[in-house]
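Q: If you scroll down you'll find the structure; I have some questions about it.
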């Protein structure tokens with residue numbers, strides 16, 4: 001009868017547990033989903049998008065939180081939030097919008113193009129600046145410092161090519177930046193050399209730290225960036241503090257060339273790399289120099305701003321005045337507008353004025369520069385200006401603007417910017433689709449909708465299109481008209497296909513259109529943009545490829561592109577064009593980059609784990625305050641909670657052992673520290689936690705450093721991982737990849753919630769300790785604490801002996817996606833699981849699940865709160881789902897993690913061997929271990945009857 005009753009009670013508890021679990025989870029899921037859908041309606045989706053410090057792509061690449069400014073802990077990437085939904089009318093009808101679709105075959109094709117071009121440069125031109133692929137000879141147009149080897153550094157890291165990375169790491173520290181036979185362009189040197197070095201450095205320190213490399217040489221790369229920046233500081237020695245773009249290097253400190261003006265692109269494109277350099281070195285001079293110069297652009301002189309936010313192209317170095325009123329988002333101007341929004345992403349709290357300047361320029365561009373071709377009114381292009389006259393001309397360089405507007409719209413949650421960015425991207429695609437080669441020209445023009453209707457428009461047309469002849473022209477020009485249906489001779493086909501005509505038909509291996517495709521795809525998830533990017537890459541690979549590299553095309557509208565008319569392969573072909581080509585099809589690629597070179601590392605920190613830690617420890621200390629000194633240093637042998645009186649308590653055994661082996665520290669009882677600790681005994685638990693946690697983390701960090709360049713260990717860990725997958729498949733338990741695919745395709749709104757759960761691991765463990773210390777008898781609390789310490793020891797031992805690569809780091813062919821530690825990261829990154837010494841190949845056992853199961857078991861077994869005992873098992877279930885669905889662990893890892901917890905509870909008393917260390921510490925500190933720390937808390941005595949009754 002009694003057995004039947006127990007079974008009935010057990011069934012009732014299980015049912016109640018399931019009901020309460022559903023009652024808790026369902027509202028959370030519904031609220032999270034509604035929030036996700038609200039974000040979509042406002043132009044945003046769930047999940048973090050953003051990234052890390054390192055022209056090309058507009059946004060940020062994840063630094064893993066390791067290098068924030070000002071020495072703060074943690075870091076949060078900026079950049080585009082994932083899943084932003086563009087207008088449903090974008091793209092052809094019937095094209096489905098869905099999640100990111102990696103393509104291993106395409107990614108390998110881009111990787112092959114990089115390796116082919118690198119090998120050609122390595123064979124025929126290294127260590128010169130670039131290869132001349134028409135003659136397979138070297139060229140030195142960028143100071144002779146090996147521009148290609150530096151500029152391509154970050155892409156080699158992204159593509160995980162350790163041999164190429166090693167070549168670059170061996171070379172970069174040997175460059176002598178003090179000597180060059182040519183004058184030095186500050187603009188080009190910054191984006192190619194400083195940008196290249198910082199990009200590769202940050203990637204290797206952060207999201208791509210698992211790429212085998214020499215850590216000492218990596219640090220030398222940062223030192224080289226500092227040396228070069230120190231030399232470039234001479235550029236700011238002008239009366240106004242604006243940089244002279246041309247420097248003369250003669251082996252000593254460089255001198256300025258004495259230029260009269262500098263472009264806004266030169267001035268405005270230094271701020272990001274130099275801000276990052278200041279943060280990495282804790283030297284504010286780099287940020288101060290560039291941001292002081294930037295003030296002339298943020299607050300331009302009178303008369304230099306034809307439209308709000310849009311300024312002329314050149315500033316006078318003597319006083320900072322703007323000397324002309326020509327401009328646009330193209331040559332001599334582009335980087336200034338581009339970096340405004342990226343600086344805001346980098347650190348919103350410091351650069352809100354950069355955001356405001358960008359929005360002003362963006363609004364004016366949509367109002368005044370947006371132009372529709374007369375023959376294709378459904379298209380939108382962005383014109384240039386000369387004063388208040390609008391020039392209907394465009395450049396390949398302008399095509400970055402589509403991506404920049406998309407980025408700004410995503411970050412600022414402004415759908416109008418997203419719509420405009422998509423429209424510009426479509427028009428730039430038209431410039432590609434209309435040519436014979438499928439590649440767009442260097443410059444193009446069009447008839448605006450108002451063609452011939454206004455004298456001002458006519459003058460602009462005539463100025464922009466010198467080959468165009470008016471049908472008639474009055475003496476004053478007022479009545480002149482233009483035939484807006486006829487392009488220049490020989491361009492009928494291109495005009496019919498695109499609504500444009502070619503002004504300069506070359507292609508200089510530029511990346512801007514590919515970059516905008518990338519952002520359009522990442523934001524809308526429309527695979528149409530993936531296809532456009534693939535088409536463009538194939539066109540480049542077909543027409544520009546020669547025997548040892550890729551050459552500039554002389555004419556994109558003839559078969560073959562006239563690729564024998566020039567002889568140059570600029571370094572940015574690696575750093576920008578191939579990078580942009582590689583990102584769409586590659587699932588492991590970073591999400592966002594900075595243009596023209598350096599991916600943005602947002603320094604906005606959302607990691608509050610350390611703050612929660614301090615808060616919880618403080619609360620635990622205060623609520624366990626003891627008002628008076630305990631009357632005895634002996635433990636009570638009675639447990640008020642369980643009501644039992646053992647013949648010999650565990651504490652009694654410890655006490656006897658302690659009294660035989662160690663000196664009596666009771667002589668220090670009257671010391672102030674002893675009295676203080678007796679009032680606040682939880683401070684001792686804080687000490688215990690630090691003595692347990694930090695040796696464990698330092699051991700992991702040391703292990704990570706020791707194995708970082710050992711490719712055989714990484715290969716073995718991958719083999720172990722694949723063996724685990726094979727074993728699970730043989731048992732039909734391989735749930736990881738199907739579960740993650742289901743999550744990403746059907747419930748992506750859960751990703752932020754899973755990130756919060758995953759990164760709350762440490763914080764919730766501390767909360768658990770505070771709770772058990774406050775409400776459990778000391779015998780049970782101490783048993784739990786020893787079990788937690790033993791769990792760490794056992795886990796580290798196992799992961800050191802049997803290293804296993806987590807699913808997220810396996811080859812793409814396995815189908816796993818890293819959604820918690822990607823380059824784009826999440827808003828919930830944690831300094832506890834994302835630091836510079838992170839041991840990445842430590843999947844077995846799952847410490848997350850092991851600790852979660854320990855917490856669940858302890859609360860279920862010992863908690864005096866009935867509701868908590870019923871709900872506690874849910875935590876282990878949720879953590880199991882999290883680690884498997886996010887591809888951080890295999891199912892077998894969780895099994896081993898659970899077994900570690902069982903063994904730890906079984907053998908927790910072996911931790912008493914560390915009692916000598918404990919007593920020696922107190923003896924050295926001349927302090928008595930507080931007796932109050934071994935006494936049951938007063939709160940236990942108040943509900944002993946309830947607790948006993950609830951278990952019987």
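Even glycines carry a Cβ here, placed using N, Cα and C.
Remember, predicted model here, so these are calculated numbers, not experimental data.
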Q: Pick from 814-836, 837-859: which stretch is listed in TrEMBL under transmembrane segment?
A: 837-859
Q: Quick test of your reading of TrEMBL: among 42-100, 101-159, where does it put region 'Disordered'?
A: 42-100
Q: Ranges 866-884, 923-941: which does TrEMBL label transmembrane segment?
A: 866-884
Q: With TrEMBL as the source, which of 728-745, 890-907 is set down as transmembrane segment?
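A: Spelled out, TrEMBL records transmembrane segment over residues 890-907, not the other listed ranges.
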Q: Are there residues of the same chain, six or more positions away from residue 188 (active site, proton donor), whose CB falls under 8 angstroms from its CB, and which are they?
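A: Once residues fewer than 6 apart are set aside, residue 188 (active site, proton donor) is near 142.
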Q: Look at every Cβ pair spanning the transmembrane segment (749-775) and the transmembrane segment (837-859), keep those 6 or more apart in sequence, and say whether at least 3 of them are under 8 Å.
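A: Yes, these stretches are in contact.
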Q: Would you kindly list the residues that approach the transmembrane segment (837-859) from elsewhere in its chain, counting only those six or more residues past its ends and only Cβ-Cβ distances under 8 Å?
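A: Beyond its ends, the transmembrane segment (837-859) has Cβ neighbours at 64, 209-210, 700-705, 707, 713-714, 717, 720-721, 724, 758, 761, 764-765, 768, 772, 784, 787-788, 791-792, 795, 798-799, 802-807, 809, 868-869, 872-876, 878-880, 882-883, 888-890, 892-894, 896-901, 904-905.
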Q: Mean pLDDT over the domain 'Inositolphosphotransferase Aur1/Ipt1' (723-906): what is the value?
A: 82
